[in-house]
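First the structure, in the form of structure tokens, and then the observations on it.
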């Protein structure tokens, strides 16, 4: 009978875990949908490569962004950085997740290296949802996308050398 109660406990635990997973997925699809909507506003006359992002703050607020290109190519903004800049300018500094969308049919959109570092500025343990136009997605973390990364905490570490002005 001890084995029976152990198995019963295990089944209830598994059901609770699955229920939490289903509850969590209730917000993922809408976040991906918002990133797909943001993609529609992309300004990309040069690359013709539309990208949208939807950034979720811990309080449930969503900030969207799209890529904004420029004739001086290096001045363009990626969708992820646009969404994060909107959030930061509104006082947000901590995020739960970001969903990214593009028109790539056969592969999940992945953030560029610059965006990975930009997202890393705000932590390395939040979720990144790489999506396809059909709504399918792959979940990763910032740490997955940018392992052994450099972040704000590294600037506070003890250093061997300081400049002449003492900083």
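Cβ coordinates are placed from backbone N, Cα and C, and glycine is handled just like the others.
TrEMBL labels come from automatic prediction, so no person has curated them.
Annotated features, as they stand in TrEMBL:
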- 80: active site, proton donor (ACT_SITE)
- 67, 68, 69, 70, 71, 72, 73: substrate binding site (BINDING)
- 78, 112, 115: Zn(2+) binding site (BINDING)
- 26-153: domain 'CMP/dCMP-type deaminase' (DOMAIN)
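Feature map: TrEMBL annotations on the structure.
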{"residue": "67", "record": "substrate binding site", "Cβ within 10 Å": "24"}
{"residue": "68", "record": "substrate binding site", "Cβ within 10 Å": "16"}
{"residue": "69", "record": "substrate binding site", "Cβ within 10 Å": "18"}
{"residue": "70", "record": "substrate binding site", "Cβ within 10 Å": "12"}
{"residue": "71", "record": "substrate binding site", "Cβ within 10 Å": "8"}
{"residue": "72", "record": "substrate binding site", "Cβ within 10 Å": "7"}
{"residue": "73", "record": "substrate binding site", "Cβ within 10 Å": "9"}
{"residue": "80", "record": "active site, proton donor", "Cβ within 10 Å": "26"}
{"residue": "112", "record": "Zn(2+) binding site", "Cβ within 10 Å": "12"}
{"residue": "115", "record": "Zn(2+) binding site", "Cβ within 10 Å": "25"}
> Whole-number Å distance between the CA of residue 112 (Zn(2+) binding site) and the CA of residue 73 (substrate binding site)?
Replying inline: 15
>> Given the binding-site residues 67, 69, 71, 73, 115, tell me which ones have a C-alpha lying within 10 Å of the C-alpha of the residue listed as 'active site, proton donor'.
In response: 67, 115
> For residue 70 (substrate binding site) and residue 78 (Zn(2+) binding site), what Cα-Cα distance in Å is obtained after rounding to a whole number?
Replying inline: 11
> How big is the Cα-to-Cα gap, in Å, between residue 115 (Zn(2+) binding site) and residue 73 (substrate binding site)?
Replying inline: 16
> Around residue 78 (Zn(2+) binding site), how many other CB atoms lie within 10 A of its CB?
Replying inline: 21
> Excluding 67, 68, 69, 70, 71, 72, 73, which residues of the same chain place their Cβ within 8 Å of the centroid of the Cβ atoms of the recorded substrate site?
Replying inline: 43, 46, 75, 76, 77
> Apart from 78, 112, 115, which residues in this chain have a Cβ no more than 8 Å from the mean position of the Cβ atoms of those residues at the Zn(2+) site?
Replying inline: 79, 80, 81, 111, 113, 114, 116, 118
> At the Cα level, what's the spacing in Å between residue 67 (substrate binding site) and residue 78 (Zn(2+) binding site), rounded?
Replying inline: 4
> How does the model score the domain 'CMP/dCMP-type deaminase' (26-153) in terms of mean pLDDT?
Replying inline: 97
> In angstrom units, rounded to an integer, how far apart are the Cα atoms of residue 69 (substrate binding site) and residue 78 (Zn(2+) binding site)?
Replying inline: 8
